[in-house]
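Let me begin by presenting the structure, written as structure tokens, before commenting on it.
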């Protein structure tokens, strides 16, 4: 029989489970037995058990992360030092890269191909063997010989892959960049351009730019999400293939850039990106080239390189004397003129885009372009341009334009521009008297002026031959040294900075018009053969211009847009180009810059 509860009001305590460790206290209340709260010894046991369980879970989680890190295509010395967030980021990026690579043409997924059937266990298939040999013996050498770094972006602008050589050129880590957004490492002013190149934003309205790999221009393009996969090979150079080519310049963060070296953006480096857009899996596979260092002293100069010093408007301020070794022009004929005067018409648009990139980013590499010669033809050049500051004045800047001569003169004796035409020199016949004045002159030293009616009786052909031609710089200096002065012809006006037009001097109001135009009704002879004017030149010509320049190409920089469309020209130019002549017959209006 159970022991009755004590009748006293005191408490009784019973130790349960005696002999099996610590006892559990029980409180005996009248008619009810209540368990007492646990003591400090039991709480410590429960905490220890919880800590052991958490430690076991963390150990198992770390083991899984360690095994996952070993599956990443990274060296063991790097994968063992990764934290959990980096392992997750790199794993997700690697899965996206596998999917991105499988949709390529041809696909990159060589490791996914299993061994052929019937292969003995432990032996590798030919595909795996070739892949291993390529990675060990060729892959690293190719990356070292590229003089740049390879990267792949997805449609969101995140790095799916970037080669480890990025640390050589930018000082950034491959692990840090993989899986990160490219917009975190480029200059804020280049975000819109990268969006256009990826097709995530409509291209800005402007003159079309050929999306060529050899061009340094930033070829704008609309979204290519719905564009089908292109099956054409690169050798065919189909329009659809060229539409996916990308070539542009961006400023990326760099820990190797010296402070204050780049006048445009300190801490950034200009990278030339060339690659191809993926249409099926929208993304970009490209190669990033670093541009030569900004100081000219760090750039080795070879025999085929010519250094120019230009203004921000590409006006030649100085050039080396070795330019005469590769061209038929000397420094005296180039200084003071704009580079646009010597660029081939079909290359003017790309040079203009390179000019814009130079002013925006401070450094640029042009594509291959043709530099016109004085006697006809051209030579192929490629230039590296850098905006440099003046050591004496901090606010003044100029352009160092280093040109690589890539070929000898081609198409000699073939005029492609007006300044390449031979000068028309007025030659008087021996039987004729002295030159006739174009207007009545005041009496000099007792002589009387020739009456106007006597002037009409003279041969008009002699008057028609007298056409003012602008003298070359050498001839101009020779005439100044000799002290001779022509009373009938005014001095040649200074050449404007951004226009290049055919200059025939002040045309005289005679019955015989220049270039043999006897009557206004007769068809005008062709000044230039149609073969000398490519279609792009005819497209650049407007009724007020015969040549191209920044003003005619809508270059709307305030410090460049100084001149108008250019002076009006004789009507002999316009029938050749199929353009209406804006002025009256046989006249030429003097305008600003002429």
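Cβ coordinates are placed from backbone N, Cα and C, and glycine is handled just like the others.
Here is what Swiss-Prot records for this protein:
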type: COMPBIAS; residues: 212-223; note: compositional bias 'Low complexity'
type: COMPBIAS; residues: 453-480; note: compositional bias 'Basic and acidic residues'
type: DOMAIN; residues: 45-98; note: domain 'bHLH'
type: DOMAIN; residues: 294-360; note: domain 'PAS 2'
type: REGION; residues: 206-237; note: region 'Disordered'
type: REGION; residues: 427-498; note: region 'Disordered'
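Within the model, the domain 'PAS 2' (294-360) carries an average pLDDT of 86. In terms of DSSP secondary structure, the domain 'bHLH' (45-98) contains 46 helix, 0 strand, 8 coil.
When DSSP labels each residue, the domain 'PAS 2' (294-360) comes out as 30 helix, 13 strand, 24 coil, counted as helix, strand and coil in that order.
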